Amino acid sequence: MEPNGPVSSPQDGVAGPRWSVGSGSGLHYGSFVNSLSSLTPNAVQNPAISPRRAHIAIAVLCYINLLNYMERYTIAGVLSNIQAFFDISDSTAGLLQTVFICSFLLLAPLFGYLGDRYNRKYIMIGGLSVWLLTSAGSSFVSSSQFWLLVVLRALVGIGEASYSTVAPTIIGDLFTGGKRSIMICIFYVFIPVGSGLGYIAGAGSAALTGDWHWALRITPIMGVVGLILMILLCPNPSRGAAETRGEGVTGHSSYKEDVKYLLKNKSYVLSSLGVTALAFLTGALAFWLPTFLSRAHVTQGLRPPCIQEPCDSTDSYIFGAVTVATGILGGSLGTFLSRQFRDKMPNADPLICAVGMLGSVPCLFITIFVASASIPATYVFIFFGELLLSLNWAVLADILLYVVIPTRRATAEALQISVGHLLGDAGSPYLLGVISDAIRTSKPDTYDWSFHSLKYSLLVCPFVGIVGGVFFLITAFYITEDRKAVQQLLGDSPQPQQEPAPESSVELSNKAKD
């Protein structure tokens with residue numbers, strides 16, 4: 001029976017194999033295709049981090065992940081209010097999300113490097129503290145200080161970069177096997193759940209107080225609780241404890257060697273390109289769809305246009321609720337399908353992601369064109385489109401954890417985040433805003449034409465979805481080969497080569513025997 005529970009750390013004095021990662025082996029770069037549960041040696045563990053403490057840690061990490069994505073999309077929930085307050089165009093409004101994502105992606109590699117080498121708990125505490133201060137500060141800007149709001153939104157990305165790169169690796173070191181897949185699913189379900197609650201909390205607080213600034217004060221207040229819980233309850237398990245019977249893995253590679261290893265890992269590279277397309281798609285839709293639906297109501301004569309705040313927040317409420325529901329259903333369904341088919345089809349995970357991306361494309365096309373005729377029908381296709389996209393989140397997280405060795409997971413997370421955001425949702429909200437503004441200037445500006453200009457800009461999204469689906473399909477061709485390489489690496493435990501290989505690779509050697 002494979003170990004599925006929390007694992008012990010080296011400090012416990014438990015005798016067992018000690019694994020090290022170096023750069024002298026002649027083995028080729030490999031990656032897992034199946035969960036590391038199939039590769040972990042059978043053993044009876046004596047965990048120092050008890051199951052109860054590990055589950056409490058997961059609850060804390062999930063709570064902060066919820067706040068992470070609530071903060072990220074609160075702005076979108078009150079975007080119409082912000083545009084009316086500052087009197088800004090679509091492209092300028094899109095900058096609020098773009099600068100946040102840019103700072104996020106620029107700092108992610110730094111936190112990834114630190115996360116593979118230093119105490120991950122302290123890194124998250126420091127980043128979360130910066131996030132709380134800058135997020136709270138952004139809620140006090142005046143109508144003449146839009147660019148101060150932009151700067152503060154960029155600083156918020158510092159805190160979120162520290163957390164997003166490190167937290168998944170801690171989960172990977174607390175659990176293994178099917179239990180880890182479930183925990184990763186729960187953690188990543190809070191991405192759409194937090195995003196949806198961000199719309200609802202933002203719009204709700206603005207409606208209750210009559211001031212959109214209060215929308216930016218909700219998550220800092222809740223975040224103080226998360227910071228205290230992290231300090232008191234979150235452990236810092238040894239890296240690779242789940243794969244090495246609790247003994248942990250030590251690293252001896254440079255950052256250059258880490259990057260070189262990742263670039264040679266075809267499954268990691270291709271799946272990261274798919275993640276980039278997914279980030280572009282979801283970032284653009286999450287930011288602009290509530291505003292698009294609001295303008296659709298105006299075009300159909302169902303409500304008057306928003307000239308001054310507070311604006312009607314009904315669409316943010318509904319879109320937020322749909323995002324929460326599809327996130328829970330899609331994430332759970334994706335994990336269920338992965339666990340059902342992974343043993344029968346070694347390349348099931350990237351195929352599930354491809355089906356999710358490609359299946360969402362027709363739903364997005366219909367959503368864009370049916371909005372001017374029927375709002376209820378639009379929400380139906382938004383539901384199915386988001387459901388299909390949500391299949392991917394937990395599965396993609398699991399893929400990264402089992403295709404990258406433990407001492408390079410934080411770096412892998414960071415690089416995937418950087419590339420995914422740089423080419424994905426860092427620019428997609430702003431790009432769609434620029435396209436919308438450019439189309440709008442071709443005719444006299446009317447409320448009806450502002451809806452259609454945004455509609456035409458949203459057509460970029462389905463085509464990006466097709467590209468992402470293709471990347472996941474290509475990943476499926478390499479992932480089985482990568483699995484065999486890692487089975488040799490961990491299963492056979494080969495001794496180091498007498499002569500150094502011409503290129504850097506992974507060495508896992510058994511340095512101590514029971």
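Every residue gets a Cβ built from N, Cα and C, even glycine.
No curator has checked TrEMBL annotations; they are predicted automatically.
Model, not experiment: these values are computed from the prediction.
Copied over from TrEMBL:
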COMPBIAS  493-507  compositional bias 'Low complexity'
DOMAIN    57-483  domain 'Major facilitator superfamily (MFS) profile'
REGION    489-514  region 'Disordered'
TRANSMEM  95-115  transmembrane segment
TRANSMEM  122-140  transmembrane segment
TRANSMEM  146-170  transmembrane segment
TRANSMEM  182-202  transmembrane segment
TRANSMEM  214-235  transmembrane segment
TRANSMEM  268-289  transmembrane segment
TRANSMEM  317-338  transmembrane segment
TRANSMEM  350-373  transmembrane segment
TRANSMEM  379-405  transmembrane segment
TRANSMEM  417-436  transmembrane segment
TRANSMEM  456-479  transmembrane segment
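Between the transmembrane segment (214-235) and the transmembrane segment (122-140), the number of CB pairs under 8 angstroms, six or more residues apart, is three or more, so the stretches are in contact. In summary, the transmembrane segment (350-373) lies against the transmembrane segment (268-289): three or more C-beta pairs, each 6 or more positions apart in sequence, are under 8 Å.
Within its own chain, the transmembrane segment (146-170) is flanked in space by residues 57, 61, 64-65, 68, 71-72, 75, 86, 88, 92, 95-97, 99-105, 107-108, 110-112, 115, 120, 123-124, 126-132, 134-135, 137-138, 184, 187, 234-237, 239, 397, 400-401, 406, 409-410, 413-414, 417, which lie at least six positions past its ends and keep a Cβ under 8 Å from the stretch. Ranked by number of Cβ pairs under 8 Å to the transmembrane segment (417-436), the listed stretches 95-115, 182-202, 268-289, 317-338, 456-479 are led by 268-289.
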